[in-house]
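Feature list (source: TrEMBL):
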TRANSMEM  6-24  transmembrane segment
TRANSMEM  85-108  transmembrane segment
TRANSMEM  114-132  transmembrane segment
TRANSMEM  153-177  transmembrane segment
REGION    275-297  region 'Disordered'
DOMAIN    294-334  domain 'UBA'
Amino acid sequence: DKAPLSKSLLLVPSAISILLTLLFQHYQKFFAYNLQAIKEDFQIWRLVCGRTICLDLKDTFSSSLLIYNFRIFERRYGSRKFSSFLFGAWMLSALFDLLLVEITQYVFGITINSLPSGFLGPVFALFVPFYSSIPRVQVTQVLGHFSITNKSLVYILGLQLLTSGSYIWILALSGLVSGICYNSSILKIHRILCVPSWVAKIFSWTLEPIFSSAEPTNEVRVGMGATVDIQRQQRMELLDRQIMMSQVAQMRRQRQQQGGMINWNRLFPPLRHRHNANYQDHRPSEQDTPPPTEVSEEQVARLMEMGFSRGDALEALRASNNDLNVATNFLLQH
């Protein structure tokens, strides 16, 4: 939903790759990323065919899963800005591919005539905004020391794709460098390598109705999450919270029957200090109140982009001492 370009990149190249592998193997030579043919025979069309369709089904599967996970950027930026990033990363990674091959031959004496085919450069470039703009939310821990987060699976898929071929590290390195260059506010490459508005309108009229999907009706949106993935995780956390509250209510009934009182501060340590009219007499004095923490406006803007209000973002950042990950976890859980 709301990601027609990601859906087209997920379906069309994968279908062509499967057809070339199973039925039309004699046409695979036209989609090979042959650098020797590009440099010596000037077959520039191989830059398009060889850098779009994967000829290895393992690469097709891994890159498709990564594109599916990176669809959140199209929902956040919009289809035009997302396509501009892919176009810019595709152009830059093609240049860096040739440079890295020449550097490898000059330094190590290794001649590379071909590279793995597929839409791999832009896929690796998407790891740059994924690392910098997607907050890290801890899901669980393994053996008490290794944290499993909402980003672990994506990194594992990237590692699987990185180890699937002998020279795929060149594509990975060129993709990461192109993603850094395109995201750089100093180089201003995003102003040059972008999709024109008239091209975006043509594709929105022709291809978007084919690949667009209706919003799912069987899932009720919960909370302030910016994406469906965050909302699903909020729903799971809400269910866990309801189970905990039912257990606490049961403990409370048992303590009331025994004539005792339950220690709420032990079960729920106060994370937010809210002003309550019923407890005005117990508020700390102005001398005991610590000075407010300086809050970064950039981090406030990031939290507001995720759908949280400015007041909640300021309060969470002050409580977490300007730690964006801690503030995000706090807002998602409360």
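Using N, Cα and C of the backbone, Cβ positions are placed for all residues, glycine too.
Sequence-distant contacts of the transmembrane segment (114-132), counting only residues of its own chain at least 6 positions beyond either end whose CB sits under 8 Å from a CB of the stretch, comprise 9, 13, 17, 31-36, 50-56, 59-60, 63, 66-67, 70, 73, 85-86, 89-90, 92-94, 97, 101, 151, 154, 158, 161, 164-165, 167-168, 170-172, 174-176, 178-180, 182-183.
In the predicted structure, the domain 'UBA' (294-334) carries a mean pLDDT of 76.
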